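Trainee: Let me give you the structure first, and then I'll get to my questions.
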Amino acid sequence: MLSCNFPDRPEYGDVSVTSLHAGGEAYFYCFNGYQLQGPHTLTCQNATVPYWSGPVPRCIVSCGGMLKNATLGRIVSPGFPGNYSNNLTCHWILQAPDGHRLHIHFEKVALAEDDDRFLIKNGNNIDSPIVYDSYEVEYLPSEGVASSSRHLFVEFTTDGLGTNTGMAIRYEAFAAGHCYEPFVKYGNSTSSDSSYGVGTVVEFTCDPGYTLEQGSVIIECMDPSNPQWNETEPTCRAVCSGEITDSAGVVLSPNWPEAYDKGQDCIWGIHFLEGKKTQTAQSYLLGRCTLLSLIHALLSCR
């Protein structure tokens, strides 16, 4: 029986297919922060040579927009994670549901060293007071920023000179009397209360290959009059060197999946048991960094 070819996956998105035969459908979606340009669904057409009902859609980034009922999402600069274009002026207005405020987590901000600028303002227009300014801040605030109302105004502008990867932020709405939903990139968390009311305790873990740094492993929502976390969320980073004793795991080059820094000599000691003997393997990364995966089969090597 003839069938359609499996459709291409859009860059920064994915596709799920019910069937490759006539009448089957392909559903497309974009990763968080990207918008689908084109049809959400394609159908495999019955023909001598079956074909999809249209071209594969693209996942793009809009330069600004109004985000109503903003509860949880992501904003990235045009071109991210590649470089942005010159001479951009992008404005996003975030509006949380009634009775909610907004919190911003910074994933990445990388601007050219000229007049490119990234601002977050506490309100719904360009004249609202600034709560974050890339001109004034050398390091990203690990605690993020929060609005005092249901609105935030995000501004991203670039000049005609150099470019860089730009910015990526995560936003979430939180209700009065509650803390915002904590977040750690390349990690996970467990919570005693999914609504994050006062008294909620959250514990963090990192994905395989990452190490908890800064912040606290456990945080608690405190202060009924002005709920807030008693500590900042930790960060999960792939670090240079370490001792590994897990029976299975992953070793990542420093800062993975971002670029590693120059001039690093990283050594990982990898220890595992074989019978009653302990064997050690070392990976020397001199002059370059690589990705090494460890599987359980290492336990029975000879």
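Just so it is clear, glycine is given a Cβ too, placed from its N, Cα and C backbone atoms.
TrEMBL entries are annotated by machine, without manual review.
Okay, these came from TrEMBL:
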- 2-61: domain 'Sushi' (DOMAIN)
- 63-174: domain 'CUB' (DOMAIN)
- C63-C90: disulfide bond (DISULFID)
- 177-238: domain 'Sushi' (DOMAIN)
- 240-302: domain 'CUB' (DOMAIN)
Trainee: Return the residue, from the listed disulfide-bonded residues C63, C90, with the maximum count of other C-beta atoms within 10 angstroms of its C-beta.
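Mentor: Output for this query is C90.
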Trainee: What are the DSSP helix/strand/coil residue counts across the domain 'Sushi' (2-61)?
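Mentor: Across the domain 'Sushi' (2-61), the residues distribute as 0 helix, 24 strand, 36 coil.
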Trainee: What is the number of residues in the domain 'CUB' (63-174) that are helix, strand and coil, as DSSP sees it?
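Mentor: Going by DSSP assignments, the domain 'CUB' (63-174) contains 0 helix, 53 strand, 59 coil.
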